[in-house]
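> First the structure, which I've put down as structure tokens, then a few questions once you've had a look.
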Amino acid sequence: MLQQLLDLRGTPSQHDVLQIIDVDLHAWRANPARATVVLSALAKHQLPCVATHVLTSMLSRRVEVNVFHYSTAISACDKGRQWQLALSLLSSMPDMSVIPNRISYNAAIGACSKCGQWNLALLLLSDMCDLRVIPNEISCNLVLSSCSKAGQSELVLSLLSRMPGMNVAPDGVSYNVAISASAKAGQWQMSLSLLSSTPEARVTADKISYSAAISACERGAQWQQALRLLSSMPDLRIVQDEIIFNAAISACSKSGQWPLALSLLSSMPKMTVIQDAISYNAAISACEKGGQWQLALSLLSSMPEMKVTQDEISYNAAISACEKGGQWQLALGLLSSMPTLKIVRDEISYNAAISACEKAGRWQLALDLISSMSDLRLVPNEISYSAAISACSTVGKWQLALSLLSNMPEMAVIPNKFCFSAAISACEKGGQWQLALSLFRSMPARGAIPNEISYSAAISACEKAGQWQRGLSLLSSMPEMRVVPNEISYSAAISACEKSLQWQRALSLLISMSDLRLVPNEISYSAAISACEKCAQWQLALSLLSSMSDLMIFPNKISYSAAMSACEKGGQWQLALTLLSSMPELRMTPDAISYSSAISACEKGGQWQLALSLLSDMPDMRVMPDKITYSAVISACEKGRQWQLALSLLNSMPDMRTMPDEISFSAAISACGNE
């Protein structure tokens, strides 16, 4: 009879079940335990519908149905994931004068828990207390697990704290679930607190406890804490396994601690822990984040030797490492080799490769990649398009960038703020400030809220077009849109003021950055110094340059060149030369702009000999003079009435692969005129 029940297929009717068990029902009246055996077998084979029909048939034939029968049938629903049927059976028990017990409730809670009905599981636990059915650790742990799977970490912690009041002592499972729930919620401090409280609760932490706690540290980028827990396990006689090592490696990876990640990976065999694909993938990712593309490729190539199967995650991390290291050829090589190894390329693979091409200015390859994705039935997403648009932006292909942006809706891809920001930046680089502002203003209507990157790109577009008022208007509107300006936003606005000779406004913006707790960087200062330079405020320019070191901001070549140019305009040739000579002490190699500024200062100060000396020094410093440099020296010779030297310099320019321009000729002609 039991075998016939087990052989029933599909969804048998009650009539089908009754026909099979009808003969045996008489024997069940005399011995109800036989029915329990049958129901238990049905539960074991996950046949809740058949079990329910058996129970209903017993009732229809007036065979005694007790709490054990009901509990076993509900258990069948639990194993078969039929939570509605489980609750229906539980709720019908009082009508049949059968009082549910703890086993009945636990089975129903288990059914709800397995099916993600955490709120119903919690309600059933509450009903148990109201009906004076004493829950046990199984009851509570089932509810804890259900809430944890649903991401209800606060409810997990609340129930854990209430368990003693329900006369239920939390056990290792209770704590492990709570530690894991806190980990998933990003509450690494709570996970560690729970772990440290286990001795006081007379609970022995095990491998699962430590694995969950280390995972919490990994999610919270707390690599020190993760390593501390890992190192403490041997003293507690807790066996370390690959899951625990992988979490620790990943914690180091997320914090950029690639040497530690590699050290952990290499130590695994010594600890008799098997390295798997997850171990290697986490280590490759650590190298990627640390800019160690060579090591990432070395790890990838060593996986087959270690009998570890490479997968798409391994390759994606390696491609991304090449992308960050500017190795676009290697990135494309890895992408093309994946099919040979029967590794499926996905959107992440292509996005990393497109991004590699973008950083290298290979916009044609980026577009080829995005168009080839459809051949593999891969749909480019907003990340793919954003990288491709940025690739076009880098080389000033603003028309292509706008074309890609407009094509996105046709591909059922909604442009996000990063796509718009890249397109705005493309317009900025192409001198299309009106289009940049038009795109910026259209973002909210198209479901993309501008962020600080969008604002910075739009402000920069205004800066390049000399629209400083519009740039400042955008900057001032950012707080109203709940967007916090950053150093880039302010630097672009300061640069806009600099180009429009608004040095007072540039300085005002620089000073106001501290009110927003923004630390100006070398770009902000360089723009402000340049603003002072253009308006002949050489004292202010030098004051800004000297104040940078007080704020632990390292001046760059642009800062020094702007300050030297300010000295040149102020007739301070000695100060300009002092600045130039001090650059190597700060580990800065002067470039052509630096030398041109210093030479121009000498020219205006009538120091033609010094101008010539600086020009002759440039090759020794591995700096090639350009037409601006030569024009300044020729002009210095002109002012010093050295027409022969002026003509000699003009004639030597082609030999230095520098073609004279109208400024060079004008200075030389003027030198001859003075003679």
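Positions of Cβ are set from backbone N, Cα and C atoms, glycine also.
According to TrEMBL, the protein has these features:
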type	residues	note
DOMAIN	384-549	domain 'PROP1-like PPR'
REPEAT	101-135	repeat 'PPR'
REPEAT	136-170	repeat 'PPR'
REPEAT	241-275	repeat 'PPR'
REPEAT	276-310	repeat 'PPR'
REPEAT	311-345	repeat 'PPR'
REPEAT	346-380	repeat 'PPR'
REPEAT	381-415	repeat 'PPR'
REPEAT	416-450	repeat 'PPR'
REPEAT	451-485	repeat 'PPR'
REPEAT	486-520	repeat 'PPR'
REPEAT	556-590	repeat 'PPR'
REPEAT	626-660	repeat 'PPR'
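Could you give the neighbours, burial and distances for every feature on this list?
Remote same-chain partners of the repeat 'PPR' (101-135), defined as residues 6 or more beyond its termini with a Cβ less than 8 Å from a stretch Cβ, comprise 67, 70-71, 74-75, 77-78, 81-83, 85-87, 89-90, 93, 142-143, 145-147, 149-150, 152, 155, 159, 166-168.
Taken through DSSP, the repeat 'PPR' (136-170) splits into 26 helix, 0 strand, 9 coil.
Secondary structure of the repeat 'PPR' (241-275) per DSSP (helix as H, G, I; strand as E, B; remaining residues coil): 26 helix, 0 strand, 9 coil.
Taken together, the residues of the repeat 'PPR' (276-310) have an average pLDDT of 95.
Within its own chain, the repeat 'PPR' (311-345) has Cβ neighbours under 8 Å at 277, 280-281, 284-285, 287-288, 291-294, 296-297, 299-300, 303, 352-353, 355-357, 359-360, 362, 365, 376, 378, counting only residues six or more beyond its boundaries.
Break the repeat 'PPR' (346-380) down by DSSP state and the numbers are 27 helix, 0 strand, 8 coil.
A Cβ distance under 8 Å defines the sequence-distant neighbours of the repeat 'PPR' (381-415), meaning residues of its chain 6+ beyond its ends; these are 347, 350-351, 354-355, 357-359, 361-363, 366-367, 369-370, 373, 422-423, 425-427, 429-430, 432, 435, 439, 446-448.
With helix defined as DSSP H, G or I and strand as E or B, the repeat 'PPR' (416-450) counts 26 helix, 0 strand, 9 coil.
Listed as Cβ neighbours of the repeat 'PPR' (451-485) (distance under 8 Å, sequence separation of 6 or more from its ends, same chain) are residues 417-418, 420-421, 424-425, 427-428, 431-433, 436-437, 440, 443, 492-493, 495-497, 499-500, 502, 505, 509, 516, 518.
Within the repeat 'PPR' (556-590), the DSSP-based counts of helix, strand and coil residues read 26 helix, 0 strand, 9 coil.
For the repeat 'PPR' (626-660), the list of distant contacts is 592, 595-596, 599-600, 602-603, 606-609, 611-612, 614-615, 618, 667-668, 670-672, 674-675: same-chain residues at least six beyond its ends, Cβ to Cβ under 8 Å.
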> Six or more residues beyond either end and a Cβ under 8 Å away: which residues meet both conditions relative to the repeat 'PPR' (416-450)?
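Same-chain contacts beyond the ends: 382-383, 385-386, 389-390, 392-394, 396-399, 401-402, 404-405, 408, 457-458, 460-462, 464-465, 467, 470, 474, 481, 483.
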> Counting only residues 6 or more past its boundaries, what in the same chain has a CB within less than 8 Å of a CB in the repeat 'PPR' (346-380)?
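Those are 312, 315-316, 319-320, 322-323, 326-328, 331-332, 335, 338, 387-388, 390-392, 394-395, 397, 400, 404, 411-413, in sequence order.
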